[in-house]
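Take a look at the structure set out below.
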Ligand code: PGA
């Protein structure tokens, strides 16, 4: 595990963007696992800026997003489809047929989960998986549980997750209660994982995830088993690491 700490949001975003861009420059046909939420917004902004400078192309890249809410219309401003269009896809040359987000509106969610896993398998292997970290240790929407599920599945969002995501909606009652998420098995199969965490409110969970016992009560702790994990933290999120 390689942990790097940054004293400014700007430097952290730049470092994360450089890892993503470096992956595309060295592997033009890269398969990227992408994340949503507050953390990656500034990272995608950097990626878009460098793309617009002509430094690289997404033409041959394939992307798979971690998750999507269940039963939130695709064009709702808080759907992860909208998020990805707003923050990344609308600004780059990634062909629409090469970006994948689970369909949270599928009538048969089990079939959709199988279809999503099959398309990940077909793409070979995720070269670089970008991850944020939930306050309860979730990665993607894999919430703390007695057992974690390997592949894409429907998940009931934890109360803490609903509270954290309420900031994006008019009220907590508007936050969808379920999501489709890539499983921990798929996340751990990525060749390289880039975990990015910001904020003093995440300092405790960063410590638990990276230094605590490996337990399904803190899904991110399983990342400790990954052979190629890069962790980028701002100095406040790193506050509890000695
Ligand atoms: P955040 O979410 O980036 O909005 O803090 C991270 C997560 O829940 O994975």
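Cβ atoms are placed via backbone N, Cα and C, with glycine included.
Residues or ranges marked as domain 'Glucosamine/galactosamine-6-phosphate isomerase' by TrEMBL: 12-226. Residues or ranges marked as active site, proton acceptor in TrEMBL: 67, 138. Taken from TrEMBL, the feature active site, for ring-opening step covers 136, 143.
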Give me the Cα-Cα distance between residue 67 (active site, proton acceptor) and residue 136 (active site, for ring-opening step), rounded to a whole Å.
17
In angstrom units, rounded to an integer, how far apart are the Cα atoms of residue 136 (active site, for ring-opening step) and residue 143 (active site, for ring-opening step)?
7
One finds that other Cβ atoms within 10 Å of the Cβ of residue 138 (active site, proton acceptor) number exactly 27
CB within-chain contacts under 8 A for residue 143 (active site, for ring-opening step), separation at least 6
134, 136, 155, 156, 157, 158, 161, 219
Other C-beta atoms within 10 angstroms of the C-beta of residue 136 (active site, for ring-opening step) total 18
Applying a 10 Å Cβ distance cut-off over all chains shown, what neighbour count does residue 67 (active site, proton acceptor) have?
24
What kind of secondary structure is residue 67 (active site, proton acceptor) part of, going by DSSP in three states?
strand
Could you tell me which three-state DSSP class residue 138 (active site, proton acceptor) falls into?
coil
Note the mean pLDDT of the domain 'Glucosamine/galactosamine-6-phosphate isomerase' (12-226), expressed as a whole number.
97
Residue 143 (active site, for ring-opening step) falls, by DSSP collapsed to helix, strand or coil, into coil
